[in-house]
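Engineer: So Swiss-Prot lists the following for this protein:
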ACT_SITE  C340  active site, nucleophile
BINDING   R213, R334, S498  substrate binding site
DISULFID  C340-C342  disulfide bond
MOD_RES   K126  N6-acetyllysine
MOD_RES   K126  N6-succinyllysine
MOD_RES   K135  N6-succinyllysine
MOD_RES   K184  N6-succinyllysine
MOD_RES   K265  N6-acetyllysine
MOD_RES   K265  N6-succinyllysine
MOD_RES   K365  N6-acetyllysine
MOD_RES   K402  N6-succinyllysine
MOD_RES   K411  N6-acetyllysine
MOD_RES   S499  phosphoserine
Amino acid sequence: MATCIWLRSCGARRLGWTFPGCRLRPRAGGLVPASGPAPGPAQLRCYAGGLAGLSAALLRTDSFVGGRWLPAAATFPVQDPASGAALGMVADCGVREARAAVRAAYEAFCCWREVSAKERSSLLRKWYNLMIQNKDDLARIITAESGKPLKEAHGEILYSAFFLEWFSEEARRVYGDIIYTPAKDRRALVLKQPIGVAAVITPWNFPSAMITRKVGAALAAGCTVVVKPAEDTPFSALALAELASQAGIPSGVYNVIPCSRKNAKEVGEAICTDPLVSKISFTGSTTTGKILLHHAANSVKRVSMELGGLAPFIVFDSANVDQAVAGAMASKFRNTGQTCVCSNQFLVQRGIHDAFVKAFAEAMKKNLRVGNGFEEGTTQGPLINEKAVEKVEKQVNDAVSKGATVVTGGKRHQLGKNFFEPTLLCNVTQDMLCTHEETFGPLAPVIKFDTEEEAIAIANAADVGLAGYFYSQDPAQIWRVAEQLEVGMVGVNEGLISSVECPFGGVKQSGLGREGSKYGIDEYLELKYVCYGGL
């Protein structure tokens, strides 16, 4: 049986439901049918055979605002970073489109906040199920627009979907409190309520997972969102919008406004300064994060930020070399070194240094294969663009000019302008760029140290503190170092630490707040104290 929610006071759209498990029915003339023809780019569907047979419905190029697919006045090209070929032209949203998206989200919030936690949970679960059903197509979209090896893209889609599953469950666990006061005729209650419209700005390196980690929590809490995806990877965000629509997520709850690099600054400013936006969630560089914090300050908006890192990877003399090398490979070369928690500097104690460097170099030569992300066996795809390659190249040249030794790699790869050889440097010192500037590429610089105190001092010298790793077999040392490292996340004898169940975030200039875990939903909730008197 269908049930309708109609709140005239908030000017929201009519939302049609069936309980339980029915899709939203948009009003006539509203939402473009999810199953209808999609204006997906032919180039993307045919790219290198890797996207042959991909569902056209998932290849969207327009913005998604208020439950409708809308073009913009202009478009911008999205390129395959492996070949440089154009994948398609995407709507280039500007300030007008950004404000319209915020308005749509605000109007939808009036109704969405009143939807029961059980129903929000059900809708998120449907979205999760659709991601799993379409996981192969979604993975191929990621590989096409980011260059990520297809095996890793599949892993990201599962990771991404698991956030929707997790927060579908957390939606039903938003509890308040009862506080007993000294006054016998009073009771004090603490309510948790959704904060409002959230502006969500996401990066290109995890174009799906960074959306669901934020949006899953926001929607579970009862918030609505406006997503501005990275200009390099908008197709993943738009594909998620299509699946959200198919899942029955109401019109205006999830909005996507892609834009070009030229418009990114003004669009970001527009959504972050709009008075109808109550929350900003951003993943990206520390530099950009500071700009957005300035925008938020004028209207005192709630902010969550996951910014840059300079993750140390410490190997103590007591470590198992083989385990440390395996952890280093996983931590450094996932997504070709383009993750915010990638190890950026390897601190290796003198007694184990030579054995570690030798084993690390051998593992790199044996296990890393540079190639197109769609090619079977590829472990290292292209960097996102030539600017990223230039940064790695600059760091390598700087280190070598100051005395570092190239153990393996060290130059651009013959495959193309966006490829760089996996590189290992030794004899690295702290005056080199690669030790105090986030690389975001396949470069592993090794610094030799003598004492535990020295390693901790080097690791904590950074003004950022997202993740840190260390390998040791000494239980007392493990506790000391884990507590002393100034980071938000620590991997002890482990190189891969991200999990939907665990809090993700940093300290210092690596950001504010936590994502994922049971704490992630709190970023989108406000506490309200209610004093009930006269009892």
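In case you wondered, yes, glycine gets a Cβ from its N, Cα and C as well.
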Engineer: My understanding is the cutoff is Cβ-Cβ under 8 Å with a sequence separation of 6 or more in the same chain; which residues meet that for K365 (N6-acetyllysine)?
Structural biologist: T408
Engineer: Give me the non-local Cβ neighbours of C342 (disulfide bond): same chain, 6+ apart in sequence, Cβ-Cβ under 8 Å, ordered along the sequence.
Structural biologist: G309, A311, S331, K332, R334, N335, T439, F440
Engineer: What does the structure give for the C-alpha distance between K184 (N6-succinyllysine) and S499 (phosphoserine)? Integer Å is fine.
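Structural biologist: Cα to Cα, K184 (N6-succinyllysine) and S499 (phosphoserine) are separated by 46 Å.
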Engineer: Please name which of the recorded positions listed here, K126, K265, K402, S498, is nearest in space to the residue listed as 'active site, nucleophile', Cα against Cα.
Structural biologist: S498
Engineer: Take the C-alpha atoms of K126 (N6-acetyllysine) and K402 (N6-succinyllysine) and report the distance between them in angstrom, rounded.
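Structural biologist: A Cα-Cα distance of 55 Å.
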Engineer: Out of the recorded positions K135, R213, K402, S498, S499, give me the one sitting nearest to K265 (N6-acetyllysine) by CA distance.
Structural biologist: R213
Engineer: Taking DSSP as the reference, which of helix, strand or coil describes K411 (N6-acetyllysine)?
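Structural biologist: Note: K411 (N6-acetyllysine) is coil by DSSP, not helix or strand.
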Engineer: In Å, how long is the longest CA to CA span across R213, R334, S498, which the record gives as the substrate binders?
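Structural biologist: This binding site's residues have a maximal Cα-Cα distance of 19 Å.
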Engineer: So if I draw a 10 Å sphere around the Cβ of K126 (N6-acetyllysine), how many other Cβ atoms end up inside it?
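Structural biologist: Counting Cβ neighbours of K126 (N6-acetyllysine) within 10 Å gives 21.
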Engineer: When DSSP states are folded down to helix, strand and coil, where does C340 (active site, nucleophile) land?
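Structural biologist: The three-state answer is coil.
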Engineer: Which of these modified residues is closest to K135 (N6-succinyllysine) if you go by CA atoms: K402, K411, S499?
Structural biologist: S499
Engineer: Going by Cα-Cα distance, pick out whichever of the modified residues K402, K411, S499 is nearest to R213 (substrate binding site).
Structural biologist: S499
